[in-house]
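As given in TrEMBL:
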- Gly11, Ser12, Gly13, Lys14, Gly15, Thr16, Arg126, Thr135, Tyr136, Met198: ATP binding site (BINDING)
- 31-60: region 'NMP' (REGION)
- Thr32, Arg37, Lys58, Leu59, Val60, Gly84, Phe85, Pro86, Arg87, Gln91, Arg159, Arg170: AMP binding site (BINDING)
- 125-162: region 'LID' (REGION)
- 126-161: domain 'Adenylate kinase active site lid' (DOMAIN)
- Cys129, Cys132, Cys149, Asp152: Zn(2+) binding site (BINDING)
Amino acid sequence: MKNIILLGAPGSGKGTQSEHLIQEYGFHHLSTGDIIRKNIHDNTEYGQLCKKYSEEGKLVPDDIMIAMVEDHLKNLQGSIIWDGFPRTINQAQKLDQLLAKLGRKINHTLYFEIDESKLIARITGRRICPKCGKTYHLTALPPKQEGLCDLDGSALIQRADDSVDKITVRLAAYHKDTAPLVDYYLHQQNLTVIDADMTGHAVWDQIVAVLK
Ligand code: AP5
Ligand code: MG
């Protein structure tokens, strides 16, 4: 049972590569962004607590986020891809404790390194399926039929936080709170740098090389 963290700036390709990891290796996908969006969509108590933070591009406070992850983890067995969690040093320490209690550890942290100038085009061009969550891009990864999901035909939408003004807030949060995790996992000696500034196939090849 493996635990693999995908660490990287907004738009660096974590969700896209998670889709391949699920398909090829059967890992469970624990994406805190997806969990938050589902709770907001279903108007749960957690969703109401998260909405103003996530839609403005700010991080959800650690206590709320950690409680949501602990709830989610109860239903998961087997290997897990951690996509978007942890995102603060506090969350990383909490994850270490949670895994230790279960007799597990982090096997790999894949750090998606990318030139920041590429991120705006990736994020503003992103479209997602509201039903199954599959991610597309208007030019880099378009659906077969314009505006419709390849898998279930739903009309694709843009995320509420994918506007240029929200991206600035998200990047600031990334630099302040999340970027320090690179050093944190370097110290744990499980970090591999992935050059995320390449085609999706080339990024995937690097990931496969680490996991084999
Ligand atoms: P979250 O949903 O995790 O968003 P994010 O980290 O900002 O990352 P993204 O999902 O934007 O990017 P990605 O790396 O997954 O890129 P993708 O593969 O889609 O979090 C959203 C919000 O929830 C946060 O802002 C915060 O408010 C809250 N939150 C979540 N976790 C939290 C936590 N732990 N603590 C507190 N708050 C939390 O790719 C982007 C686009 O590029 C796509 O269109 C894709 O098709 C395209 N693309 C991908 N790879 C390539 C490639 N190689 N070449 C060209 N295009 C590519
Ligand atoms: Mg994502």
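The backbone N, Cα and C atoms fix where each Cβ goes, and this holds for glycine too.
A TrEMBL annotation is a machine prediction, not a hand-curated record.
Remember, it's a predicted structure, so these values are computed and weren't measured experimentally.
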Pairwise Cα distance for Gly11 (ATP binding site)/Cys129 (Zn(2+) binding site) [Å, integer]: 16
For the region 'LID' (125-162), sequence-distant contacts whose Cβ falls under 8 Å of one of its Cβ atoms, 6 or more beyond its ends: 11, 15-16, 19, 34, 37, 54-57, 170, 200
Candidate nearest Phe85 (AMP binding site) in space, where candidates are the binding-site residues Gly13, Gly15, Arg126, Asp152 and distance is Cα-Cα: Gly15
Annotated ATP contacts Gly11, Ser12, Gly13, Lys14, Gly15, Thr16, Arg126, Thr135, Tyr136, Met198, maximal Cα-Cα distance (Å, integer): 17
CB contacts for Arg159 (AMP binding site) [other CB atoms within 10 A, all chains]: 17
Distance-selected binding-site residues near ligand 1 (C-beta under 6 Å), from Cys129, Cys132, Asp152: none
Cα-Cα distance, maximum over Thr32, Arg37, Lys58, Leu59, Val60, Gly84, Phe85, Pro86, Arg87, Gln91, Arg159, Arg170, record's AMP binders, Å: 24
Environment of Cys129, Cys132, Cys149, Asp152, the listed Zn(2+) site - residues of the same chain whose CB lies within 8 A of the CB centroid: Pro130, Lys131, Gly133, Lys134, Asp150, Leu151, Gly153, Ser154
Where the C-beta lies under 6 angstroms from ligand 2, the matching binding-site residues among Gly15, Thr32, Phe85, Arg87, Asp152: Gly15
Tyr136 (ATP binding site) to Cys129 (Zn(2+) binding site) - Cα separation in whole Å: 8
